[in-house]
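What TrEMBL says about this protein:
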- B:ASP52: active site, nucleophile (ACT_SITE)
- B:TYR110: substrate binding site (BINDING)
- B:9-103: domain 'Pseudouridine synthase I TruA alpha/beta' (DOMAIN)
- B:143-244: domain 'Pseudouridine synthase I TruA alpha/beta' (DOMAIN)
2 protein chains.
Amino acid sequence: MRNIKLILAYDGTEFHGFQTQPNLRTVQGVLQQTVEDVVGHSVSIIGSGRTDAGVHARGQVVNFATSSRIPIEKWPIVLNTKLPDDVVVQHAELVPDDWHARFCAIGKEYRYRIDRSPYTDVFWRKYSHHVPYPLRLEPMREAAGHLVGRHDFTSFCAANTPVVDKVRHLHVVDLIEEGSLLTIVCRGEGFLYNMVRIIAGTLLDVGRGKLSPDQIPDILASCDRTQAGVTAPAKGLTMWKVFYAESSGLIP
Amino acid sequence: MRNIKLILAYDGTEFHGFQTQPNLRTVQGVLQQTVEDVVGHSVSIIGSGRTDAGVHARGQVVNFATSSRIPIEKWPIVLNTKLPDDVVVQHAELVPDDWHARFCAIGKEYRYRIDRSPYTDVFWRKYSHHVPYPLRLEPMREAAGHLVGRHDFTSFCAANTPVVDKVRHLHVVDLIEEGSLLTIVCRGEGFLYNMVRIIAGTLLDVGRGKLSPDQIPDILASCDRTQAGVTAPAKGLTMWKVFYAESSGLIP
């Protein structure tokens, strides 16, 4: 058996999230079916982590074991020919037998995209959250700075999450402007459920003056989900990159 | 009656082009229906020009006459609330009674977007033409330079076009690189049917070495459509801007 790692990009709009669910179109389900059609045996697709319905990916990582002898460099084209056009294999490589897309991951980068046009940018409507009111970036950057580091992110995690340890280490929380698009970059060792979308919702509250950057440390300290901003819409979020080695750029 | 000018952006993917056609979903048809629902009387939507099925617009311009007293600054939000999400009004203004979106236009800018990623960029798949083979930009720029100016563009016009005078003046044919995207910018006083898509197909032939830039003057001189490259796919093309006054930036 060979262990194959794939890097996937997908448009999450028409998927019910990454993880297989009965009778629903999911990325894992579509990919598994396609791989099984190609290799002629059942496979188990392991993802680096789930993405919710409507969330996109530029660099989701998966692996699976197969007896197929298809040369590794042919995998992207073989799969892309059969996959629907909203999921694209960007890269394939052979990895050691014990390599695991989730357990070997040491960090992730997510990006949350905001469209600041007065009226929706039609070409970004599915990949961004439209925010037509003015945003002040300096307070947003200051607030972002308070989130960097090792913190208990209970206030930035969906309230009903079963995870006990909600301490996470964020290495980067950055804002990138490209024309009317504003992108929040979050890079860290791990993320809680809805964490980036709650960070985005909270930074938007800062940008519109509803929260002050100085309140962020108090919000973190409160360990109370109701103190942070709303969960920003799924369509603005993209799983950008998964990191697998310290040298890979996780830590700036 | 008041004469209202709108600037429209649309995703052409799900439209059978701009112009109204019986029983088909078109931009003009959808907009006319929406405006009529708002104003309560029939209107005639005049466009700056047609776009084909699958072609997008960032700055299509239309006008129509109405007795409605809706304040001009409210028009975008009133229409956007009722329009489907693949067409967005970006701007509205009152114009003189004799102002006409087509007759008053003095030039247009189109952009043709090429995705040079090894595998399709999933987020640009509907708005670009995927070209995975290597492109040499210097010869493409040289070829583009030969197209600038006043020429008979018969070789760059769909063969079955009834237009007699095929002399047009291109002010700009430029290439812009943004990561793996390559955009061909064409700005001029007027365009023939399929002209930008044939220019794109021809510049791609130059980029892959199938044509030399020196052949462009001969292709123009031949006045023979078969001498130029193929018509590149509709989805890569966007009507970018319509110019209405010399001072508007048409001429660099």
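Yeah, the Cβs are placed from backbone N, Cα and C, and that goes for glycine too.
Residues in the domain 'Pseudouridine synthase I TruA alpha/beta' (B:9-103) partition by DSSP class (helix H, G, I; strand E, B; coil) as 27 helix, 24 strand, 44 coil. Each of the recorded positions B:ASP52, B:TYR110 was scored by the number of other CB atoms within 10 Å of its CB, and the largest score is that of B:TYR110. A Cα-Cα distance of 13 Å separates the residue listed as 'substrate binding site' from B:ASP52 (active site, nucleophile).
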